[in-house]
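Chemist: Structure provided below as structure tokens; questions to follow.
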Amino acid sequence: MSITPLMPVYPRCGFRPVRGEGAWLISEDGSRALDFAAGIAVNLLGHGHPHLTKAIQDQAATLIHVSNLYGSPQGEAFAQRLVDTTFADTVFFTNSGAEAVECAIKTARAYHQSQGSDRFEIITFKNAFHGRTMATISASNQEKMHKGFMPLLEGFKYVDFDDLEGAKAALGPKTAAFLVEPIQGEGGVRPASDAFMQGLRALADEHGIMLILDEVQCGVARSGTLYAYEQYGITPDIMATAKGLGGGFPVGACLATEEAARGMVVGTHGSTYGGNPFAMAACQAVWDVVANDEFLENVRATGDKVRTSLEQFIGNYPDLFTGVRGKGLMLGVMMTHETRAFVAHLRDNHGLLLVAAGDNTFRVLPPLNITDTEIQIFMEKLSAGAASYQVPQAA
Ligand SMILES: Cc1ncc(COP(=O)(O)O)c(C=O)c1O
């Protein structure tokens, strides 16, 4: 067996980007690809955005990191901005989405246990993706993520996604919380119904348990509102956010109401890097751009344009595509068969980057500031790709 310098856990492809320009990535061999994957919903301002780049450069020259043992004017300032623009009263900063979900799980358990209750169980939903730590793989029913890592952490119950009756039936004396992605990302860009999200909120209120949202993928303007929960007319008790939050800088956050965070007192949680000045500068720069009505309105309008174009296009290929779903610029195209080979074909032969997902769906996750010209190039590449695609025999 030969080992590689990078632990070989990813099925890496031959495209090896070394530079980015807006919605384009340039490979080490000089080839250019249109990036409608955006680092899997991360680079929401594209590559090399001047405001984000300058904020990171300036902060690097000022102060990159200090310990969380010291006061954090930078962390307080950005946490206040999150509090001002969301449901939350308080924030814990992390370095990734999985850590934000971990913090959300701990916050929910601590809420109950700090009051002497032994509720600890979290009800989650099938085909969810919450990350790759032990708690977050345990929170998903996907066996492919469990294999080789048993035993799982106890205390998770899986119910069908968008099945309110199932969620109700799963409630018990030990239930501490529901944990749900309002729009399943990896599971196939599946938006929950209004009735489901509103029903979970009502059940959580009725039973005194927490509603935790995982908006790691669908949050930060991606769905057309700052957070997707706004479109359901509800607010969570606790929410995990990451990916777009730093526009490419690795940062996440767990947001909570004052009530939900009552167990998260001194000494209960921590992170060496979480919320350091470098990360906060990136977040502030992203928020400067995205947290306003004009930007969000434009995401919705651009999302509608891309969706309409996709819906017209798939009608020409009924043997390949069955529909389009999603919200804002988090769109999924459903295929008649597994999507990995088609995504690879578009990448290798047409210079178009997309992301495969579950449920025979591929994800369209462009930067949120794409232009009409880029949408047109995207549709041209997609059309050329569909016209030249041979469905693999086994698919
Ligand atoms: C909904 C959701 N939750 C959590 C995560 C985990 O985030 P990270 O990879 O930053 O740990 C992801 C990553 O794809 C995600 O899509």
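Here the Cβ of each residue, glycine as well, is placed from N, Cα and C on the backbone.
Unlike curated entries, TrEMBL annotations are predicted automatically.
Residues annotated as pyridoxal 5'-phosphate binding site in TrEMBL: Gly97, Ala98, Phe129, Asp214, Glu215, Val216, Gln217, Thr272. The N(2)-acetyl-L-ornithine binding site annotation in TrEMBL covers Arg132, Ser271. Here TrEMBL flags Lys243 as N6-(pyridoxal phosphate)lysine.
Show me how these features fit into the structure around them.
Modeler: Phe129 (pyridoxal 5'-phosphate binding site) counts 24 other C-beta atoms within 10 Å of its own C-beta, drawing on all protein chains shown.
The Cβ of Ser271 (N(2)-acetyl-L-ornithine binding site) lies under 8 Å from the Cβ of Asn68, Phe92, Phe93, Thr94, Asn95, Glu99, each of these being in the same chain and 6 or more residues away along the sequence.
Close to Lys243 (N6-(pyridoxal phosphate)lysine) in the fold, though at least 6 residues off in sequence, lie Gly39, Ile40, Ala41, Val42, Gly97, Val216, Gln217, Gly219, Val220, Gly252, each with a CB less than 8 Å from its CB. Secondary structure from DSSP puts Lys243 (N6-(pyridoxal phosphate)lysine) in a helix.
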Chemist: What are the non-local neighbours of Glu215 (pyridoxal 5'-phosphate binding site), defined as same-chain residues 6+ apart in sequence with CB under 8 A from its CB?
Modeler: Glu181, Pro182, Tyr227, Ala228, Tyr229, Met239, Ala240, Thr241
Chemist: Look up Gly97 (pyridoxal 5'-phosphate binding site) in the DSSP assignment and reduce it to helix, strand or coil.
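Modeler: In three-state terms, Gly97 (pyridoxal 5'-phosphate binding site) counts as helix.
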Chemist: What binding-site residues in Asp214, Glu215, Ser271, Thr272 place CB under 6 Å from ligand 1?
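Modeler: The ones that qualify, in sequence order, are Asp214.
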Chemist: Counting Cβ atoms within 10 Å of each candidate's own Cβ, which of the binding-site residues Ala98, Val216 comes out highest?
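Modeler: Most Cβ neighbours within 10 Å: Val216.
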Chemist: Give the sequence-ordered list of residues that share a chain with Thr272 (pyridoxal 5'-phosphate binding site), lie 6 or more positions from it, and have CB atoms under 8 Å from its CB.
Modeler: Ser67, Asn68
